[in-house]
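Student: From TrEMBL, here are the annotated features:
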type	residues	note
DOMAIN	27-93	domain 'HMA'
DOMAIN	112-178	domain 'HMA'
DOMAIN	224-293	domain 'HMA'
DOMAIN	327-393	domain 'HMA'
DOMAIN	437-503	domain 'HMA'
DOMAIN	513-579	domain 'HMA'
TRANSMEM	603-622	transmembrane segment
TRANSMEM	642-664	transmembrane segment
TRANSMEM	676-702	transmembrane segment
TRANSMEM	708-729	transmembrane segment
TRANSMEM	872-896	transmembrane segment
TRANSMEM	916-939	transmembrane segment
TRANSMEM	1265-1287	transmembrane segment
REGION	1370-1402	region 'Disordered'
Amino acid sequence: MKQNFAFDNIGYEGSAENMPSLLPQTSTVTVNILGMTCQSCVQSIEGRISKVKGIVSTKVSLEQSNAVVKYIQSEIGPQEICQEIGDMGFDASIADGRTTATSVRSTSLGEALMKLRVEGMTCQSCVNTIEGKIGKLHGVLRIKVSLSNQEAVIAYQPYIIQPEDLKNHIDNMGYESTIKSKLAPLKLDMIDLERLQTTSTTKTSASLSNSNVEPVVGKMNSTTTMTLGVEGMHCQSCVKNIEGNISGLPGVQNIKVSLERKNTVVQFNPNIMTPISLQQAIETLPPGNFKVSLPNGVEANNRELLSKATFSSPQFHSTSSGDQLTSTAVLSIDGMTCGSCVQSIEGTMSQRKGVQHISVSLAERTGTIHYNSAVTNSEDLRGAIEDMGFDASILTGTYMFSIKNVSESSHQGYVSDVQPKNSYLDSPKPPNVATTEKCFMQITGMTCASCVSNIERNLQKEDGIDSVLVALMAGKAEIKYKPESIQPLEIVQLIQNLGFDATVIEDHTDTDGNAELIITGMTCASCVHNIESKLTRTNGIFYASVALATSKAHIQFDPEIIGPRDIIQIIEGIGFHASLAKRDPNAHNLDHKKEIKQWRKSFLCSLVFGIPVLILMIYMLIPDGQQHGTMVLEQNLIPGLSILNLLFFVLCTLVQFLGGWYFYVQAYKSLKHKTANMDVLIVLATTIAYIYSCVILVVAIAEKAEESPITFFDTPPMLFVFIALGRWLEHIAKSKTSEALAKLMSLQATEATIVTLGPDHSVIREEQVAVELVQRGDIVKVVPGGKFPVDGKVIDGSSMADESLITGEAMPVTKKPGSTVIAGSINAHGSVLVNATHVGSDTTLAQIVKLVEEAQMSKAPIQQLADKFSGYFVPFIIIISTVTLLVWITIGFINFDVVQKYFPHQNKHLSKAEVILRFAFQTSITVLCIACPCSLGLATPTAVMVGTGVAAQNGILIKGGKPLEMAHKIKTVMFDKTGTITCGVPKVMRMLLLGDMAKLSLKKILAIVGTAEASSEHPLGMAVTKYCKEELGTESLGYCTDFQAVPGCGISCKVRSVEAVLGQKALPVDSGTPARHAAAPLTYSVLIGNREWMRRNGLLISSDVNDAMTGHEMKGQTAILVAIDGALCGMVAIADTVKQEAALAVHTLQHMGIDVVLITGDNRKTAKAIATQVGIKKVFAEVLPSHKVAKVQELQNEGKKVAMVGDGVNDSPALAGADIGIAIGTGTDVAIEAADVVLIRNDLLDVVASIHLSKRTVRRIRINLVLALIYNLLGIPIAAGVFMPIGIVLQPWMGSAAMAASSVSVVLSSLQLKCYKKPGTERYEAKAQGHMKPLTPSQISVHIGMDDRRRDSPRPTAWDQISQVSLSSLTSNKLPGHGGFREEEGGKWSLLTNDGDEEQYI
C-alpha cells in the first residue's frame, strides 16, 4: 500500500499530487553536520551527495547545521551517507531518532549549537582537555574541538546551561574564548513534520484520501495561536531571553513577548507542542523567576481539548461554516533569502488584526493569507509586507494548488479577493527602509586605503549588507544590513576572515549628527514653537530644542537623511535667519591663558613689593661700626614697632595676599588630593613666617618693648618672586602646544564648491558653501591647486594629490574615479568631482586634531624633583617643629633656669608658664622658618632657566623645565623616516646610459631630459631637472612643446634648442637620417616614465635593463626610463637620501644604551633600505598617524620613557603623546608646536645633545637640592636649640643671613651650567671609530602597521605579484614570475606614482 507522505523539497508548499509516487523502501534521515561556515559549503555538500547512487534528494541547512537526505534503503544506508559527508572534511553524525516519529519529536527538543573561537591551544592534549571537561558538564550534549581552526562547536540544552557559562568554563581552563555564533536551536524539518502528522493521523489520512482537502487541513490543523500571561519580566533582556529560547522549540512557529502587557503570543503546532510544555519551558528559563498563566479553558493535560479549541477558534470557525467574511489573497513576495525571512513574514503578519492564517513559500516566492475582509483587505496586507522590506504584489486569478483544492471542495466559503494584475509588479522597488538596520564596528589592523577598499568590497558582496563605510583613521565602520539575512556578529566574523580584528560598538552615541545653530529674528515663544514643530516634523530629525534667550538651537539628526545645510534652509524657509555656531577654539583647555594670566599677576605683584624688601634686607646686612640700634629704620615709632618692621609688614601683607593668592589655591587643591607638593611647602613656610612675625610684633607693642623684635617678614616676598617667575615661564612654554591645534585647524579648507549633477555627470549648478555645511553624500568639485574640503571618493576626473599631510611622504598620489581623497590634502593639476563620505568631525584631519588633543590631555605630568622632595620634607619639618615645641616645654617646666638663661628679655610681669610657652613656641617657629624652602624652591627653576638658555644657544629649543628634566630618562627613541632620517626631497642617485654614446652624448641626454622634465610638477621630475642643471652647470635649458603628463605613467614631449645649452651647432643625429635644413634646430621626441609607459609607446625593454631597474627598486629607489626619438637611451634612479649625520646619531644613541626604532608611513622595502643604511634594527612600516601614537603608548605601558623625533603633521599626535616630542626645525609648524623640543639646526646629533644637556641639568638640580639640604640639616638643629649647652645660639638675624646665603649658593651653582659645551661631531666620530658596522638585511626586523610579527621575508603570494614592487618579497633579488610576466609587472608598478599609489601611501 502506498504511504501517503507529503514529501517536499524543504520550503515548497505541495501536496502529494506534485511529487512522484514514492516507493515504500524510500526513507529519510537527518544528518547533523559540523564545520560548515558559508553558503558555498552548503552547495558543495548538496552537489556531492546528490550524485551518490541511491540518494533521491538532499537539503542542507546552514542555520540548523544539518542535512535532510532522502534515500533508497536498498541502495545506501545512513552510515554511508555520513561517511560521504565526512570524506569532504566535515563532521557528520546521524541525528538521534531518525526513523520513528516519536523519537523525532524528542530529538533536538531544546538542543542548540554554538561555535566558539578558542585561543591558546597548542597541541592535541589541549583539545582532549577541553572536550573532556566541557563534555562532562550538565546540559552539554556533544562537543567537537578543532586545533587547526582554533574552534569549538558545542551542542547544548539552553534550559540547563547558557553560552556565556560555557565560555566562562573554557576561560577558567586558561584559554581565551569568544562566541563566534550561536546557531539557532535545531528545529524539525518540514519533512519530519509531515511524517509526524501522517503517522499520528494515519486513519484520518486514509479516510480523507479520496477528498482533496488533506493538505490544507493538515496545514491549518498544524497551527494555533495562544496568549499566555508572563509575570517576573523586568527588562528587554528578559523579553529577548524568552523569545530567543522558546522560538527554538520544535513546533513553535512564532513568539512575540510584550513587557508592557506582561504576556506572550505564541503560534505553535498543537500536534508537537502543548500549552503546558510551553508553560514549563518558559518557567525553567534562567534566572527561573518567570511565572506563566494559561488562558481560561485550557486545561493542563488535555490535549484533545486544545485540538477542539483549534478548530473552534474564529479563524477556522468562519471557514468551515462558510461565513462570507473570510477571504483569501495570494501575493507574490520578492526579496526573501532564507527560512528566517519566511518566519519573519509569517510571525509579523499573523499578529496583524484580521489575519487568520498565513502560509509563505520560499521556493514559490508566494504567500497565501486567509483574512477577515471586514477588518482588512489585500492591499493593506501587501503594504504591510512591503513595510518589512520585501517587494510584494497581488497575483491575478491563477491560484496555488492547495487553495484551489479547497475552493473546489466542500469549503466554498472562501471569497477570493484577488484583483486583476496591476502595475505593482512594474513599479520601481521601494527602498527597504523598514528592515534595514545600522551597526558600528571598531576595526583594528587597517594600515592603508587598500585595507579599507578590501573590507568594503568584500562586505558589499554579502547577502543582506546594503552599504559599508569605513573610516581608516578612526578605525570605524558603519554598516547597513538587513537583520533577517545577517547579524552584526556574522559581519564581525566576515571581517575577521579578511584578517582584521573587529568588535561591535554597542552604545554608539556619537553616530547621530549634532548641530548647534544661531537663529536670529525670533521675538517670542510662538517663534520658538514654530521652529521646533517644523523641525521635529521633518524626516531625519530626532530632536530639536530652541532657546529664545540665547538664540541657539540644538538639533540631533540622522546624517544619512539630512544635514546642517538642509536644516538651515528649512529654518530660513519659515522666515528666520540661521547659521552654524562656531566652535570655540579654546574649548580644549590647552591654551593655559588663564594660568599664564594668574602667574604673571602673581609674579608682577610679588616683584613690585618684593624689590623694596630686597633693598631693605641688603641694607640690614651691611655691617656697620655702630650698633644696629642707631640706624634710622630701627628707631621705634611707638614702643615695640620700628619703621623697618612697619615697612616690612605693609609690603609683606600685600605680597602674601595678592602675589601669593594663587599659591594658596594650588596648595589647597594639592592637600585635597592628600599630597604635599612644593606649593604646600611654600604656603606653609610663608604663612607661618608671616603669622609668627605679626604675632611677635603685636606682643611687643602690647608689652611696650624697648626694642622692636626681629621678624621674618622678608621671607614671603623673596620666595614668591622666584617661584612665580618660574611658573609663569613654564606655562608660557606649555601654551605653545595648543597653537599646534589652531595650526592643524587652519590646514582645513574653509569653503567648498557643491555641484548638482545631471545625466552623464554633467554639472547643472554650482554653489559655494562653508565647509561646515557640506553633508555626507554631497558632490564636491575640487579645482587644480585647491584643498580637498572633506574625505570622499572621486567619481569623475583624474588628478594627483599631495597627501604628505597624512603620510609624510612627498610623492603625489594618483586620483581617479573610485580613489579615496583626504580632507586637507592638495589637488595638483586636474579638476575632480568627489562624493563626500566623511564630513565635519569624521574627516581624517579632524581625527588627527583629536589625536593631538587627546595625547596632550592624557600626557602624565612629570613630577618635578622638588615636588617629590617636598612630599617628604613637609611632614619631616612639621614633625621636627612639633618635637622642638614639646621638648622645650618639658625642659622649661623641669629646669626653668635654662630658659631664663637663653631668654633673658622677658617681661617681668609674665608668669613662669607664659615664659616657657613663649620660648618653646619661638624655637619651633624658628625651626619652621629656617627650614624655609627658599633654596629648595630655587633649586629647580634656576637650573632649568639656565639649562634652557644654554640649549637655545646650541640650537635646541626646549619648552619648559619638564622636558629638560625628563630627557635623561629616555630609554627608546622613535625616528620618523621622511624628512627626519632622510632629507625628504627626491634626489638622482644614478644615471645609466643605454644607447650609443656616439649618437647621443651624456651631456646632450642630460640637456634633453632636463628640458623635458622642467615642465613637470612631479617631485621626481623636479629632482631630475635639478640634477641635469647641476651636472651641466647651467640654469637655462632648451624649449619644450607638446608636453603631456599621464599620472602614474610618465611624460611625453618635443624638445628643441638644446644645442644652445651645449654650445654646439645644430647637426643631424647620425648620417643615416635625412639631412635637415641647417637653420632649423633639431627637435627630439622624448618619453620619460616607467616600463608601462614605454610599453604603451611600443618600446621593448630588454631583460638586462629590467634587472638593473629591479636592482634599484629593491633598494627602495625609483627607476625611470628615458627614450629619445623612439630609442631607449637611459635609466635614472631616484631616491630620498639619508642625512649625513643620521648613522652617527643612531650609533651614538645605541652606544648610550637607548633603543632606536624607525617608524614610517612608507612601504616596507624603502623603510628597510633606509634602516640598513643608518643601522636601525627595528622598523615599523606602513604606519598610520594613529598607529604611531598607539606604538608610543604601547612602549610607555611597558614602563619605558619614549622620545619621538618627527617633522610632519602625521607625526604630531605621536610627538604630543611621547614623553618627549622632538621636532625637526625644518618640519611643519604643527609638528613644531606639538613637540617639547625643537632642533633649530635640523641636525640629528642635537637629539643626542638634548639628552646630554638634560643629564647635566638634572645633575645640577640634584647638587642644588643637596646644597639646600646641607643648609637645612645644619640650620634646623641650631634653630631647635640642640647646641645651646655649648653656647651656639641662633639669633633671628643669623637665620635671615643663612637663608640669603643658601639662596645665593643655589643660584651660583645653577649658573655653572653656562659653561656647558655641546660635544662636537668630531668627538662623536672619534668615539664611533671602528664600532660602526653596516647592518645586513637579515638583522633588521620589519613590522607592518601595528603588527608585532616580523615580516622581513614573506613568501611571494598572488598579492605580491600584482601589487607594487614595494610589497613584493624582500629577500628575492628579482620580482616573482618568469621573464615576460616579470617585465610587465615590474613596469606597471615601478614608479612610486602608479595606480596603486594610494594603497601604498595612505
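Using N, Cα and C of the backbone, Cβ positions are placed for all residues, glycine too.
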Student: Residues of the same chain, at least six outside the transmembrane segment (603-622), with any C-beta under 8 angstroms of its C-beta?
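Tutor: Same-chain contacts beyond the flanks: 633, 644, 647-648, 651-652, 654-655, 658-660, 713-714, 717-718, 720-721, 724-725, 727-728, 1293, 1296-1297, 1300.
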Student: Cβ under 8 Å to the transmembrane segment (708-729), counting only same-chain residues 6 or more beyond its ends: which ones?
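Tutor: Distant contacts of the transmembrane segment (708-729): 596, 599-600, 602-603, 606-607, 609-610, 613-614, 616-617, 634, 636, 640-642, 644-645, 648-649, 651-652, 655-656, 659-660, 662-663, 678, 682, 685-686, 689-690, 692-693, 696-697, 700, 929, 932-934, 937-938, 940-942, 944-945, 960-961, 1291-1293, 1295-1296, 1299, 1303.
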Student: Which residues of the chain, 6 or more past the ends of the transmembrane segment (642-664), have a CB below 8 A from one of its CBs?
Tutor: 598-599, 601-603, 605-606, 609-610, 612-613, 616, 620, 632-636, 679, 682-683, 686-687, 690, 693-694, 697, 708-709, 711, 713-714, 716-717, 720-721, 723-724
Student: By DSSP, how many residues in the domain 'HMA' (27-93) are helix, how many strand, and how many coil?
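Tutor: So the counts come to 22 helix, 25 strand, 20 coil.
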Student: Report the DSSP secondary-structure composition of the domain 'HMA' (224-293) as helix, strand and coil residue counts.
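Tutor: Computed counts for the domain 'HMA' (224-293) are 20 helix, 24 strand, 26 coil.
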Student: Tell me the residue counts in helix, strand and coil for the domain 'HMA' (112-178), as DSSP assigns them.
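Tutor: Its residues divide into 22 helix, 24 strand, 21 coil.
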Student: Can you give the mean pLDDT for the domain 'HMA' (224-293), rounded to a whole number?
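Tutor: The answer is 84, the mean pLDDT of the model over that range.
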